[in-house]
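Just below is one structure, and these are the notes that go with it.
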Amino acid sequence: MTEIRAQDGTVSAAFQSALEVIRRSDPRIADAISSELTDQRESLKLIASENYASPAVLLAMGNWLSDKYAEGTAGRRFYAGCRNVDTVEALAAEYARDLFGARHAYVQPHSGIDANLVAYWAVLAQKVESPALAKAGVRGVNDLGDADWARLRADLGDQRMLGMSLDAGGHLTHGFRPNISGKMFDQRSYGTDPATGLLDYAAVREAAREFRPLILVAGYSAYPRLVNFRIMREIADEVGATLMVDMAHFAGLVAGRVLTGDFDPVPHAQIVTTTTHKSLRGPRGGMVLCDDEFADSVDRGCPLVLGGPLPHVMAAKAIALGEARRPEFRDYAARVVDNSRALAEGLLRRSATLVTGGTDNHLVIIDVSRYGLTGRQAESALLDAGIVTNRNAIPRDPNGAWYTSGVRIGTPALTTRGFGTAEMDEIAELIDQVLHGTEPAPGKDGRPSQALYRLKDGLAEHISGRAAEMLAKNPLYPEIDLP
Ligand SMILES: *Cc1c(COP(=O)(O)O)cnc(C)c1O
């Protein structure tokens, strides 16, 4: 963000004027927007899925591009007057292809979940619907007779997916019942080796051979190690599955060339989905990259499962992808991982227990049962001390998915603020002190509670004071000055 910092006055003025205009319409909304900046500035944000987008990314979203309907894709719209949206979407897609070395990029998904739905339906269209249409000798679904249509609908709903289990770090959208993917697909999951905590490729292969899924999903939101996508593709090929990698969490590390070779999903997977707001540091949104084989089907995402594209967000995606193509972003991605390692080492040195014993990426999972706490208690105590994290299940979690036994922390956001490895060690110290200084408190009935806790007197104030000093040294959006 160095380049933007040079234009101090301009950036400040832009946000000040925007807020003034909003204030005239609804002061309470203007206040909430200003107040969010203060909250973000004053919290030590270790939420692994969050970041801070640049002022240019933020400003690209607040304008009249939002007023345009643009169903279809660049140059092939169902609405007239889309020339500027075409420019925006074509540039965002070009930057995405270039940045990730992808054959095709679809930048319309509104979020990561939407990107996954687009991808799943693209695979179903290619591998189930198209053959059925060919067999019936018709061009489109409207040409099928009632019996053929009924059979196709049944077939679309009778496909299999193999994905990473939730407690090993997989995502709800990888075929779990509370999400639509679990209602669409018959899902089975693979996990990690109980001894090492690492992804067990032999077990994935065995499950794939036995289950023969249509789609093998790789990717995670809470696994602190690397995944070898070359091996995952070999497994998928062996059983005729399509490999889809959901890189929502680690797209920034791929863009920043920290994850290369076997660990870069793009050359190995037929389809790669992502969010744009996590480590990639763009606007809240999603994206699909794919091989030529799936390009046409992926492009039908809207209106198949997506509402009209958000042209203002596509503009912000283009800005963010452009930023990620610069050399500074490689430096950023490398620092994210250096910081994550330093944080893990700092915690281990203070005798914390970490899932898999450490990290190779941007996130760390602390097993807080070592401190006699549930994830819920640890998360709340840390928040009292000004440290924002989120609780997370650990493999074979005895406390289930609600209370959990883990806390997930990640470094993309603080690295954007300028935090370095020495500060990560200090944060490890603060986390360790909070967790040591917290004990479970009994519930109303006197029995141990999974949610209630007690922090040592004065500890929260002491820790948040030290956190505030670190935050002051690494100001957020120093180029933005609100009155
Ligand atoms: C965050 C995440 C998603 C969902 O992204 P949204 O933008 O919240 O819809 C999907 N998959 C993975 C692996 C994620 O980490």
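Even glycines carry a Cβ here, placed using N, Cα and C.
For reference, TrEMBL has these:
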BINDING   LEU166, GLY170, HIS171, LEU172  (6S)-5,6,7,8-tetrahydrofolate binding site
DOMAIN    23-126  domain 'Serine hydroxymethyltransferase-like'
DOMAIN    159-431  domain 'Serine hydroxymethyltransferase-like'
MOD_RES   LYS278  N6-(pyridoxal phosphate)lysine
SITE      HIS277  site 'Plays an important role in substrate specificity'
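Feature map: annotations from TrEMBL on the structure.
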{"residue": "LEU166", "record": "(6S)-5,6,7,8-tetrahydrofolate binding site", "contacts (Cβ under 8 Å, 6+ apart)": "LEU172, PHE176, SER189, ALA393, ALA401"}
{"residue": "GLY170", "record": "(6S)-5,6,7,8-tetrahydrofolate binding site", "contacts (Cβ under 8 Å, 6+ apart)": "GLY163, MET164, PHE176, SER189, VAL217, GLY219, TYR220, SER221"}
{"residue": "HIS171", "record": "(6S)-5,6,7,8-tetrahydrofolate binding site", "contacts (Cβ under 8 Å, 6+ apart)": "GLY163, MET164, GLY219, TYR220, SER221, ASP246, ALA248"}
{"residue": "HIS277", "record": "site 'Plays an important role in substrate specificity'", "contacts (Cβ under 8 Å, 6+ apart)": "GLU50, ASN51, ALA53, PRO283, ARG284, GLY285"}
{"residue": "LYS278", "record": "N6-(pyridoxal phosphate)lysine", "contacts (Cβ under 8 Å, 6+ apart)": "ALA48, SER49, GLU50, ASN51, ALA248, HIS249, ALA251, GLY252, PRO412"}
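Close to ligand 1, meaning a Cβ under 6 Å from one of its atoms, are these of the recorded positions LEU166, HIS171, LEU172, HIS277: HIS171. Every protein chain considered, the tally of other Cβ atoms within 10 Å of the Cβ of LEU172 ((6S)-5,6,7,8-tetrahydrofolate binding site) stands at 18. Regional average pLDDT for the domain 'Serine hydroxymethyltransferase-like' (159-431) in the model is 97. Secondary structure from DSSP puts LEU166 ((6S)-5,6,7,8-tetrahydrofolate binding site) in a helix. For the domain 'Serine hydroxymethyltransferase-like' (23-126), the DSSP counts in helix, strand and coil order read 63 helix, 9 strand, 32 coil.
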